[in-house]
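According to Swiss-Prot, the protein carries these features:
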BINDING   46, 119, 191  [2Fe-2S] cluster binding site
BINDING   78, 120, 121, 442  Mg(2+) binding site
MOD_RES   121  N6-carboxylysine
ACT_SITE  468  active site, proton acceptor
């Protein structure tokens, strides 16, 4: 065992003495040692329950003959930091979490690793770290929140964001906004639609890095405790067979994950995160793969933010296994791909499959809700390296209008709340990319305000930042290259005509190349937002969105 370097032999007596102090007994030195990265925090609901869930996980690992050691990693709440300078920390935390997992795995020479995650960046962060650690491992998702309820309708956090715009437009009262705020989040768990956390949790099951069916179990559902304990047996098998993530993560595995995202109208953040995970696994994956898979994969799940149902209701209907079953029946998944259990994806789906009688959440492919998947990649003179649109959140496939140009989200939000954005406008928020912000913050506050004011179908938004999984409407993000490095979005001026052609996959400013060249000659780079510390290092090393906003390797 790898951990024998820590715990066996004459010279390791001091190490054993220290391990005895934390509860390792004589018989335990013969067990595989496992690191459990727990992203618990009592600062937000998504990860609030992970302290308790970790106890069930560790109990299951011990029952399976392993010895677990728990450690922490940071967790940033997108919902709390949204629309503030704190949002810069969100995507940065993905890299810090991955580094933390790698650091602990290497520092303690553990034989296996488990990532216990919940909020948006903790899922890809722990997954990147588990893959990078080079030992058998898996990622477990803490589960979705239960929906809130007000006046007979189910609520998620997105309804609160949109209520801000409704209040600004005078559509609801201050008292109604307060009631929505009070009732939307009834307890622990991640945001309750097919937003980023639930999208990535499903993607990890499709990849084979999480047990099929586990991640769909809601945070406070009684089944969660039993399934968490059972997961210990899976890791014990993987360690016994030296079955590591890089042994089963293939290009087809990643295409399966992309198809799952497309079929459920999932978050555009999945593009960034799956590109980053593919890099860790040494697998070729590009923006074009997302577009090609989405073209042939219909939307078959009626999930929020664009649809009707919450993630809790998806679990009741049959969960992720039901989605995968439908896609397998239509030949839209590679069922022969192996998973962390050593069995194929198709075998795992059959073991986990169930369907609630009369459910209306997941449809057969021949009765799909939309003929094409939810992700569209646009290119053109505004986005030479690509931009991403979630088509499942909008019915419009073309748009042309004048640019309303803002160099920060705050400036755009001010105009939206003052009612100064008009139907037909194209709101442009730039200098908020991976390097520019830095950290590529999400624009949910401003996009929700636009929708809340009733302008969703009539206003487009472009940004070199990104969007929450809760965003809906004609919102195009991940524009690459970003403004900070001199991408064409930096050259836009107020009133420039912008054309969006979804069918043709084009995003263009209607200016001659000569004019763009004149503006490019006048453009000057901006000073960095940070010159010292973590954010300065991140901005110096991060790559563009079309590469997953991963950090540069030195070689």
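Every residue, even glycine, has its Cβ placed from backbone N, Cα and C.
Highlighted in sequence order, 76, 77, 90, 91, 119, 196, 269, 468 have their Cβ within 8 Å of the centre of the Cβ atoms of 78, 120, 121, 442, the residues recorded for Mg(2+), and are not part of that set. Of all the binding-site residues in the record (46, 119, 191), the one with the smallest CA separation from residue 78 (Mg(2+) binding site) is 119. The least crowded of the binding-site residues 46, 119, 191, judged by other CB atoms within 10 A of its own CB, is 119. Of the candidate recorded positions, 120, 121, 442, 468, the one lying closest to residue 46 ([2Fe-2S] cluster binding site) when CA atoms are compared is 120. Taking the C-alpha atom of residue 442 (Mg(2+) binding site) as reference, the shortest distance to any of the recorded positions 119, 191, 468 belongs to 468. Residue 191 ([2Fe-2S] cluster binding site) and residue 120 (Mg(2+) binding site) are 9 Å apart (CA-CA, integer value).
Applying an 8 A CB threshold to same-chain residues 6+ apart, the list for residue 468 (active site, proton acceptor) reads 78, 82, 158, 195, 196, 267, 269, 442, 443, 444, 447.
Counted within 10 Å of its Cβ, the other Cβ atoms near residue 78 (Mg(2+) binding site) come to 29, all protein chains included. Apart from 46, 119, 191, the residues listed for [2Fe-2S] cluster, the same chain places the Cβ atoms of 44, 45, 47, 77, 78, 79, 118, 120, 145, 189, 190, 197 within 8 Å of the centroid of those Cβ atoms.
Long-range Cβ contacts of residue 121 (Mg(2+) binding site) within its own chain (separation 6+, distance under 8 Å): 75, 76, 78, 90, 91, 93, 94, 97.
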